[in-house]
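Read through the structure below, which is laid out as structure tokens, and then see the notes.
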Amino acid sequence: MSSVLQGFTKSLAMTFVSEIGDKTFFAAAILAMRYPRRLVLAGCVSALIVMTILSATVGWAAPNLISRKWTHHITTLLFFGFGLWSLWDGFKEGGGGSEELAEVEAELDSDMKANSKSTKDKTEDENKKQKRPFLTQFFSPIFLKAFSINFFGEFGDKSQLATIGLAADENPFGVVLGGVVAQLVCTTAAVIGGKSLASQISERIVALSGGMLFIIFGIQSFLTSVDA
């Protein structure tokens, strides 16, 4: 069985390059400008941690459903596929992340307008909750909004599928640990750095770096023999 350190390292690097400049990264940055940062950070990180654990669990269970040899081959193909996909995105992307940032911001704006009637009431509720015990604040609409946006935003995402494949081929505990650390770093940067940091991210560089990393993982997986 692969070592925890190897799974941690691969997951950390893969998740970091996948999440920087991702829609959930931009969403966290924008939400942090409109709502209390601690609630946004807690909601976003909680969602991403849950998704990472679920994805790693699916990947861990896969070899028990089909042979480990086949899961290894599928994982290798996923790495090469995601690598080529990311490289293609990198070559056709512009220099910065302003377009996707604007797209995410527009989506959040439309959602806020749809719920504008209850905005004042929610604001008053949040002000009251500031005086309540710390833990009860995490059941607020802001926490739930940040959680749902990030959780459902990760479904079917490249990083989720890659986590499933990685957990099928590496130590799942290491994969979860590396993914959680990377998610925490990326989301904290988005929440603290805000829109200024998000708008300065070069999607091209991130996509090309991620593509090369996936290709390297694919080559390493291809050269690694696994018993059926």
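We number each residue from 1, going along the chain as drawn.
Yeah, the Cβs are placed from backbone N, Cα and C, and that goes for glycine too.
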### Task
Among 14-33, 134-153, find the range that TrEMBL records as transmembrane segment.
134-153
### Summary
Best-packed against the transmembrane segment (39-58), counting Cβ pairs under 8 Å over 70-88, 173-193, 205-223, is stretch 173-193
### Task
Using a Cβ cut-off of under 8 Å, list the residues of the same chain at least 6 residues beyond the transmembrane segment (205-223) that approach it.
10, 13-14, 17-18, 20-21, 72, 75-77, 79-80, 82-91, 93, 162, 166, 169
